[in-house]
Each structure stands twice: as C-alpha cells, then as structure tokens.
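The following features are taken from Swiss-Prot:
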- 54-236: region 'Binding site for the cap structure m7GTP' (REGION)
- 332-356: region 'Disordered' (REGION)
- Asp386, Glu388, Asp535: Mn(2+) binding site (BINDING)
- Asp386, Glu388, Asp535: Mg(2+) binding site (BINDING)
- Glu396, Cys503, His506, Cys531: Zn(2+) binding site (BINDING)
- Asp463: site 'Important for exonuclease activity' (SITE)
Amino acid sequence: MAQSKEVPSFRWTQSLRKGLSQFTQTVKSDILKDAKLIADSIDFNQVAQVQRVLRKTKRTDDDLNKLRDLNIEVDRLMSMKSVQKNTIFKVGDLARDELMELASDLEKLKDKIKRTESNGTNAYMGNLPQSQLNRRSEILRTLGFAQQGGRPNGIVRVWDVKDSSKLNNQFGSMPALTIACMTVQGGETMNNVVQALTSLGLLYTVKYPNLSDLDKLIPNHECLQIITKEESSINISGYNLSLLAAVKAGASILDGGNMLETIRVSPDNFSSLIKNTLQVKRREGMFIDDRPGSRNPYENLLYKLCLSGDGWPYIGSRSQIMGRSWDNTSVDLTKKPDAVPEPGAAPRPAERKGQNLRLASLTEGQELIVRAAISELDPSNTIWLDIEDLQLDPVELALYQPAKKQYIHCFRKPHDEKGFKNGSRHSHGILMKDIEDAVPGVLSYVIGLLPPNMVITTQGSDDIRKLLDIHGRKDLKLIDVKFTSDQARLFEHQVWDKFGHLCKQHNGVIISKKNKSKDSPPSPSPDEPHCALLDCIMFHSAVSGELPKEEPIPLLPKEFLFFPKTAFAL
C-alpha cells in the first residue's frame, strides 16, 4: 500500500480503532454535561452571528474576533478541552527509528497541510453574480475541467486577516457544541438529538455515513433536518452543523465501539499512543499522502494527537492552544546518559517490568565499535559528509577524511518505502533487498557520537542540517562548497572506475525525471547513481583538482553494518 496513492480509508479507520482500543473510553455523560451547560449559558444570538459570518464569501479581522470571542466563552464552559502542552520525545520515550519516523511524518504532514491551505484560502475568486457563476461552471465543464476545491457554486470562502496565526485552532467541531446547537436552534429536546446522533454513530461503525444515508434517517429522526447538505471545507467552524460534525458527535456518545473520537491524551500515555499508532501504520501500510487535500485517517489522527500532549484530540475545545501539531510535538534524538541510581534506590519502572532500555538501540559492544571508529577521525582536518534519500528518512550516510584516508559508511532501512522507491529510481539506485538487513541504529549513533562543535564540509547542506538538528546536533558546523552540479560531478566517472568497488549497494536503474513543462527538454539522467561515500570522494576531488592516489580505509567493517543472511539447507 505504501507504493499506492489509493487509500482504503474506512479499513484504515477500523484498523486504528482496533489498534488503539485500549486508549478509547466511554464519554457520553461528560459530553452531555458540557452540552447542557452550553445550551443553558451561551447567547445563541451570538452563535447565529458567527454562523452568518461563516457563510460570507470573504471574512475580515472583525469576523475572526467574533469567532474567537465565542470560542473563548465555549471553552470556559467546557470540561472536555485540550490545553497547551508541548512535548519533546526523546530516546527512551520511543525507539530511535520510531522517533525518526514520527519526525519524518510530521514534516511531510506539515508540507501537505500548508499546500492544502494555500490552495484553498489564498485565492479570492470575486463576487460574480449567481448567473455568471453558473455560466462559468458550465464553461469549465465544457472545456473538461473538473470542479476544483471550494464550494459547488465556485465561490471560495477566504479569511482576509492581518495575522493568519490567529486562525489556528479556532475551527473543528465539538460534540457538546453540536448537540447544544441542534437542541436549541432546532427547537428539539436533547434526548431526541442524542437518539438521532446515536443512529448516525452506529452507522459509522460499519461505514462512512453520507448524505444519502442522512436522507434515509430523517423520517425516523426529524431533528437531523437541521444538518447542512454542503460539503465541509477547511477553516469552517464547529458552529456549522455539517454531516461530519454530526457523525463525530454520534461516534463520541456510543457506549463502546472503540471510537477514535473518545481518545484522551495525557503525559502518561502519549508515548504509548504514538508507539501503537506507528505499529498500526506499518502493519496496514499507511502513509502521508503528499497530494494537497483532505487528510486520510492516519494523517488526521497524527495531527490531532500531536497538537497537544494533554486533552481530547477529537472532541475537546482546543481554542486556547497556540501553534500547530509540528510546533507542539517535536523529536530530540540526543542520547541522554542514564543517571546512576543511589545505593538502595528503587529500580526505575522499566527495570521493574524487566524491560531492557537498550532493546531499540545498539548493544554496549556495538556502541563501543562506533565510538572507536569516530575516535579515529581528526576534527582539525577536513571531513566530508553526505547522505542519500530524505533528510528525515536517510538510507545512507558517509563521512570521509582525505588526510587520514579513512571513511565511515553506513546504511539504514527506510520507513517511507514509497519515498525510498522514488529516490532509488531517480537518484541513488539503492534497492530495498540490499539494505533490508542493515543493523538499525548505526546511522543515528554515528551522528550522536561525533565530536562536539566539529566542522563538516558538504556539497549542499540543507538536508544535512535538518538531519543533524533532529538528532540534537545543532553544535556541528557545516561548510557548504556550493558547487554547481557540473562542477561537483567533474570526476564522477573516474571516481566510479577507481573506487566503485567500495560500495555495492547501488544496483538499481536510474531514470530521468520528467519536467513539468512540456516545452522543456527532459532533465538529463545522471550517468551514475548517487552514492554518499563516492560522492564525498568526488566532491573532494573537485576541490583538490585530482583523484585520491590511495584507496581509503573503512573504519566500520561491513559485517558490523549488516545482519548475516540466513542460509537455507537443501
């Protein structure tokens, strides 16, 4: 599934419900308590004003202030809320590979959401009359253009505000608010609303309810007529009585069902929640879809979990939270030394349970081998560093010191197989079968054990900087030689001819990327794959103007870097 863009959305939802069932709970009484308090205390004239604001095609700072003021009042009344709780996951909270996977997914989710919001909110389409909007839609259909993001009539709702950060966390439905609005504004009893929403929630246990399902339920639950038939879009408040808001409310008031909506995050269970989520993700082949648009179930869960380390990710008020998920949850791969316990002190919780804190990392013997290799490097002399594949999911790293004719070269198995295959096809040519036996943790240990404040030379430093920072190595200094591609690869063929035998992991076929412009000639395919080690040698050759005369020596033996292949007897 990681290679496919198709998402079996409901299957993923069911798998996440099953995998995270231990974190779900029954919250019906708490939701109804908040709903009754909101229904009795809120000025619904103010609610109606905010709902009118959200129907406008262009909203201003004054409109945003009305929404924020009402959100503050609702937040004050609710017991179910998320509070500002920033979390930094470190080694020990999660395994190193889990930390890198989390950091990578948050970075990709950030890119996707920012592209989605840019596409959806920054283009104001004007105030054409309805007749011209209809005519424009007809012209677009005639020309073969599919309807783009936005509303069916072509109007894009935008926020024209000075400080867009004030929009953060002011949206999203809350079941207590949905129930209160349906009760008061629909002129219904709360019991009728609860019964109707429960029917939607029960349907949600077997499928995603749609507008056709809603129409079939209305004869038995007339209060559902208040639900809008318009499609949801980004930056639409919880005061809009959408089908999604109603389904969420129905899911949260079920007695059971292991619904994700009932998860509560706390400092005590946050790391376990993330660990279990990543396990389900790998088992089901879930991924961050890089296409702008709605979030898939994994993306939605990850965003909500990481927004705050304390609260209700799906159903609580979150208007007091500052920042986005990638701001409030981060990763630090710096390895902290274990504190020496005082004599007679009680064992740590993990030790009481018989757990080995090193299981996800290298053994002490393996760590000593890496330390010995690093100690051979001379920080006062030039050291080249290069990586291959994504900066938060690298598959290859090399350190090369020309003066001492030595190098450190290691690999790791990627988490993002789809991204890896793309990189293999267009850049490094590494095949999964050639690195699937790489010993996990070596690459992170190499970075973590580099001497403090060491100066490293690179060709292109952005990706390397991000990788070092995520490992907590902001102390390491980078010098970027900033060659053009032609300058950097001047000695490419000679390096591969003379030193190509040093690395046997680049066996794929490199395919040139297609240019977006039809008029542009296709970009030339590199003659050779990108190898972190050979690229370091090649970059140094370009600087010095000649090839190294002697073959460099590996500081980490190959048998240390890979698990032995299983032998089968016939």
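Even glycines carry a Cβ here, placed using N, Cα and C.
All features noted in Swiss-Prot, drawn onto the structure.
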residue: Asp386; record: Mn(2+) binding site; contacts (Cβ under 8 Å, 6+ apart): Leu397, Ala398, Thr458, Gln459, Ile464, Ala532, Leu533, Asp535, Cys536, Phe539
residue: Glu388; record: Mn(2+) binding site; contacts (Cβ under 8 Å, 6+ apart): Pro394, Val395, Glu396, Gly423, Ser427, His428, Ile430, His530, Cys531, Ala532
residue: Asp463; record: site 'Important for exonuclease activity'; contacts (Cβ under 8 Å, 6+ apart): Ile387, Leu390, Gln391
residue: Cys503; record: Zn(2+) binding site; contacts (Cβ under 8 Å, 6+ apart): His409, Cys531, Leu533, Leu534
residue: His506; record: Zn(2+) binding site; contacts (Cβ under 8 Å, 6+ apart): His428, Gly429, Ile430, Pro529, His530, Cys531
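In the three-state DSSP assignment, the secondary structure recorded for Asp463 (site 'Important for exonuclease activity') is helix. Those same-chain residues not listed among Asp386, Glu388, Asp535 yet with C-beta within 8 angstroms of the centroid of the Mg(2+) site C-beta atoms are Ile387, Glu396, Ala398, His428, His530, Cys531, Ala532, Leu533, Leu534, Cys536. Packing around Cys531 (Zn(2+) binding site) is summarised by its Cβ count: 27 other Cβ atoms lie within 10 angstroms of its Cβ, all protein chains included.
There are 26 other CB atoms within 10 A of the CB of Asp535 (Mn(2+) binding site), with all protein chains counted. Note on the region 'Binding site for the cap structure m7GTP' (54-236): its mean pLDDT in the predicted model is 83. A coil conformation is recorded for Cys531 (Zn(2+) binding site) in the three-state DSSP classification, outside any helix or strand. In the structure as shown, the Cβ atom of Glu396 (Zn(2+) binding site) sits within 10 Å of 25 other Cβ atoms.
Residues Glu388, Ala398, His428, Gly429, Ile430, Gln505, Pro529, His530, Ala532, Leu533, Leu534 surround the recorded Zn(2+) site, their Cβ atoms falling within 8 Å of the Cβ centroid of Glu396, Cys503, His506, Cys531, which are themselves excluded.
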